[in-house]
């Protein structure tokens, strides 16, 4: 939570708040028994874009935005959370839970893979100990890497060593120790917690900040935040940004909820999820929280160790309460590069989604193009544009596929009464003297021409031409 809060350009304690206040509402209203709500890298990064665009009060970056800015980072973040909650409640009123089906698996896969590149890029400065400008707008990722390479001689070697050691230890645990432990215990090694505690102790006793200029996390206040109202005057400015965050957050949460529901054989109400998440975001917006969605890692841990209801999330809230009330300041000397290392290693699963592209391409060239174009737009242009382009392509592919449904000739498989596509299965052979035409789709005025064309093409006979040919032969025979 503390690590991902940095992606949103807000204090690390916000990550703890996000795992407490919104969860209390979701555990009462949500229909997913296993989703653990809280921080998610892409949503935090998208919120961070709004924060850096409308708030100058950032201690770690210079902002290139030309907006007339008069808001603090927390004001922007909480207002975005409030607006996301309003969107979700409006969607609940109009029964728009089905909207998540418009974001296909191909689109979500390509989008999150591209967004993972942005998350990785945002952490490079902390991994190397560099001070770089926070670039906003289209092509920002290119400008960021240009500046990184221009300042490569300014890398803090001490920060680089700490980052490298942390990453190596995390990778060794994930790749070697975790599979070994999984065979013997359902409780995984809390390697991230170990890294944070160890890094804090080493930084404290070796005084890394003063000796090696390793930047710490900084002030972590104790106690619960006072409830405050969002900056309502900011709502018109973050109107569009909040909508894209709403779509991404809801889709991620519903995808995780449906996976767990199918695995454990229970139902998830998509509209009730809108109400639960919308209420959680609005509650969180009054208590210094960014927009929430399902936390992939925490949800998987919660399900793996045997959690069966949202009571598990409620108990975790009570444990976090102790952190907020008493333990938080202990982590103030923690080097930021350790949190950045945790984020980088956690991105492995999202980055490896790129391996799914060949399977998407084999199943459908159209789906493959949606993935490629969405990914490239997210990486080369920006996250918001990538989602918009991907959504447009996904809807266009639905239209194209509905107008040109899947067709084929069926053949019988040897020794079994099973008929399959002759072009996909080499062992399927057509029945002699019979053509079996398979048409998968609706038949209406928009598809009738395609139906007729495909039928004539696959069967190899055009009735009109055949009749004309027979009449011609009949006239000749006379």
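Backbone N, Cα and C atoms are what each Cβ position is placed from, and that goes for glycine too.
Look at TrEMBL and you will find 1-374 tagged as domain 'SLC26A/SulP transporter'. The average pLDDT the prediction assigns to the domain 'SLC26A/SulP transporter' (1-374) is 88.
Taken from TrEMBL, the feature transmembrane segment covers 6-29 (among others). Beyond the transmembrane segment (6-29), the same-chain residues lying 6 or more positions past its ends with a Cβ under 8 Å from any Cβ of the stretch are 35-39, 41, 44-45, 47-48, 51-52, 55, 58, 61, 73-74, 77, 119, 122, 126, 134, 217-221, 225, 272, 275-277, 279-281, 283-284, 287-290, 292, 295, 298, 310-311, 313-314, 316-317, 320-321, 323-324, 328, 331, 336, 339-340, 343.
Here TrEMBL flags 76-94 (among others) as transmembrane segment.
Residues annotated as transmembrane segment in TrEMBL: 106-124 (among others).
Among the features that TrEMBL reports, transmembrane segment is placed at 155-173 (among others).
Annotation comment: TrEMBL describes 185-206 (among others) as transmembrane segment.
Under the heading transmembrane segment, TrEMBL lists 238-261 (among others).
Annotation comment: TrEMBL describes 282-301 (among others) as transmembrane segment.
As annotated by TrEMBL, transmembrane segment applies to 313-331 (among others).
Residues 2-4, 6-7, 12, 41, 109, 112-113, 115-117, 119-120, 123, 126-127, 162-163, 166-167, 170-171, 174, 192, 195-196, 199, 217, 296-297, 375 of the same chain lie 6 or more positions beyond the ends of the transmembrane segment (338-354) yet place their CB under 8 Å from a CB of it. The transmembrane segment annotation in TrEMBL covers 338-354 (among others).
Residues or ranges marked as transmembrane segment by TrEMBL: 369-396 (among others).
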Verify whether three or more Cβ pairs under 8 angstroms connect the transmembrane segment (369-396) with the transmembrane segment (76-94), leaving out any pair fewer than 6 apart in sequence.
no
Proximity of the transmembrane segment (369-396) to the transmembrane segment (106-124), 3+ C-beta pairs under 8 angstroms:
yes
For the transmembrane segment (155-173), give me same-chain residues lying six or more residues beyond its boundaries with a C-beta closer than 8 angstroms to one of its C-beta atoms, as numbers and ranges.
126-130, 189, 191-192, 195, 199, 208, 212-215, 335, 337-338, 340-342, 344-345
